[in-house]
């Protein structure tokens, strides 16, 4: 094979960048046999020039000037692994402007500036590939964009943040608190020093936003996503969920509805016997429901140097295989042809519909349950199951699940329940997804 | 969107063909938005012309002459859903000769004649797409061929036959015999009147053969696959497997080894806590181990009209999106560039290595176990676990698992064990896959 190598400029050679470098070197022969020509990182930009030089050992030109790499005439593809919104946006736009194809793992960037970036890429006739931005090594973008194109996709529900899945798994398996599990996750490297993006659900919302766009053919609209993290989850909620036949997972959900679609991230009770409930530790999985295919699931490592590099390099191979195709006949960035994206908006959370889990402390006296039931009935919310926990000192804990109801109605019901004299403190509410056909 | 429609000739409008027709009609708008132009079945060939006419209701030209459809100048893509080896081969080759792209769900055809078919397609510059040939609606061909291209794929292990997974699930959950479970599966439509291809593992071997070729960049070599079905599985083996922490699944396995690769289909004990062990009923799942990505799993419906149609239509969209690309720069049929396929042969089963499960009836007297252990030790096979079942009438049943050993050594050990005076009848042997990282 003597074809000219595709020349790649790598922006950022930290964890994922280092993994990309390593895998591309190690599997060079196999990757070339697949791609039809060698793929070589010939330029690297990193703030830490010394580290970059040590890693690349003379095999690539190293600089601290990322824009120089982006504009170098010999570079065919720019890989953006810097992260963040500002500099990354400028670099990606500059690369597109210079006619380079772009591969990025930057979900935050695409969730916030994706519409702009993809429009510019379209104008310039270059590809922006982002398999690594969602669920690490799992080829879920490709599955949604190409593998399931026959389907009207009804919903997507994913465990798409490894940190929170690790924490929730620890809380369930060992009964520890969120705070304990987080500290351990940080010690083990599963959570960052500032875990906000992960534990508050923001990272998952970035990814769910991208999947929603591809699944439904709508603009990227992170600003409309409902986002709720796992910081307030208590061990007893994990245990009660279990008792009711559920398991608690942080899900990113995109669901088609009349007149719009739901886009939400929150802790979710899922049936314990569903395959998704059994995705543990830092693993990721995305469940997709299509009208023809039914439920499909895609499982694997959602983070880490080499799993993420796996997705980055798959994109490099894709670009290498297809870059000579005329831009009109490439796979569209967001699965739907650019002129076929529909201006459909994500519904506000108040218009979303879910079943709920409610936990509340009440005075242990007759008639309390009847009062609560009456409030729910007034909002046309019906109860699916109920357990009452060990009354002690005249106080009982009621845990119940409801059938599907509108969020606004549930909010009103919860507010009304909290005003009942027998109810003590706030109602804890979690949402349930049956993940049924 | 006013682009000219892609015109499809459909060969066979039975279960999958009917599903393809239906889904393509129902989701026409969404599919067009993705593909960039309409995809229309304009000609249908079926032996049952009346049924075909009733289904298509005037929207397509119907004939019983499949060759006429293949050669019709207005047809861009031929969808082959006839099945079988002979006529299907002639039709697919005629379509390629006529410069048509081909989409097929015919795993048997490709497993047996794939090398010839793909070579001819390459010469003529047309695409032959076959996502529907493996695991129905699960986009596993795309995942292996495009989504995991960064990886040196170490092994693939899949539940790729729904009939046998349904039967094994029934045997486990309800303790019924293979014969009972098969009869029920036939009554429910999960098994055909002649279930040979499914229960003897042949269908799974066709699929495993195709996955091996794509995973490792080797020719298609069904004739070298080791194939063992589930007809001799007894309920007690299902139960003992469970007791030892395993679950019994029919797996199609392709595993890279020094100097070749293993290609085998057989009932397999897998760890009960592995996600793959929890794929039940008629569902399919394929586990792929790549050196960079680690383990990934792809799950969904492996058969049925619409799940299979989902894959057929995804291929139609792929062809529509990419048919203008010059043939040198399309995604290669078998993942590796045609001139980069290596003539590596599947190893004979005697050279494969697995851990084993052994069950044998012995005379219940001291020293028997020592004799058996000695035989195994002579072949350097070590025991992992052992249970001895309720001795009755001077007869006991020994169930043991061994560590990994060469098949030939295990065969010699079993033959030697069967000659021991204390051992009654034949040794039952099943293989174990730890599915470990």
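In case you wondered, yes, glycine gets a Cβ from its N, Cα and C as well.
Here residue A:207 (active site, proton donor) comes close to A:107, A:111, A:133, A:134, A:135, A:158, A:160, A:161, A:252: these same-chain residues lie at least six apart in sequence, with C-beta atoms under 8 angstroms from its C-beta. The active site, proton donor annotation in TrEMBL covers A:207.
According to its DSSP assignment, residue A:18 (NADP(+) binding site) is helical. Counting only same-chain residues six or more apart in sequence, the Cβ atoms lying under 8 angstroms from the Cβ of residue A:18 (NADP(+) binding site) belong to A:55, A:305. Summarising the annotation, TrEMBL assigns NADP(+) binding site to A:11, A:12, A:13, A:14, A:15, A:16, A:17, A:18.
The NADPH binding site annotation in TrEMBL covers A:107. DSSP assigns residue A:107 (NADPH binding site) to a helix.
If you look up TrEMBL, you'll see A:192 marked as L-homoserine binding site. A coil conformation is recorded for residue A:192 (L-homoserine binding site) in the three-state DSSP classification, outside any helix or strand. When other Cβ atoms within 10 Å of the Cβ of residue A:192 (L-homoserine binding site) are tallied across all protein chains shown, the result is 13.
Under the heading domain 'ACT', TrEMBL lists A:357-431.
Contacts of residue A:17 (NADP(+) binding site) defined by a Cβ separation under 8 A and a same-chain sequence distance of 6+ are given as A:10, A:11, A:44, A:46, A:79, A:81, in order along the sequence. As a summary of secondary structure, the domain 'ACT' (A:357-431) carries 24 helix, 36 strand, 15 coil according to DSSP. In three-state terms derived from DSSP, residue A:207 (active site, proton donor) belongs to a helical segment. Note: residue A:13 (NADP(+) binding site) has non-local neighbours A:21, A:44, A:46, A:51, A:52, A:55, A:56, A:81, i.e. same-chain residues 6+ apart with C-beta under 8 A of its own C-beta. For the NADP(+) site, the Cβ centre of A:11, A:12, A:13, A:14, A:15, A:16, A:17, A:18 serves as reference, and the other residues of the chain with Cβ at most 8 Å from it are A:10, A:19, A:20, A:21, A:46, A:81. For the recorded site, residue A:11 (NADP(+) binding site), the DSSP three-state label reads strand. Between the C-alpha atoms of residue A:192 (L-homoserine binding site) and residue A:15 (NADP(+) binding site), the distance comes to 13 Å.
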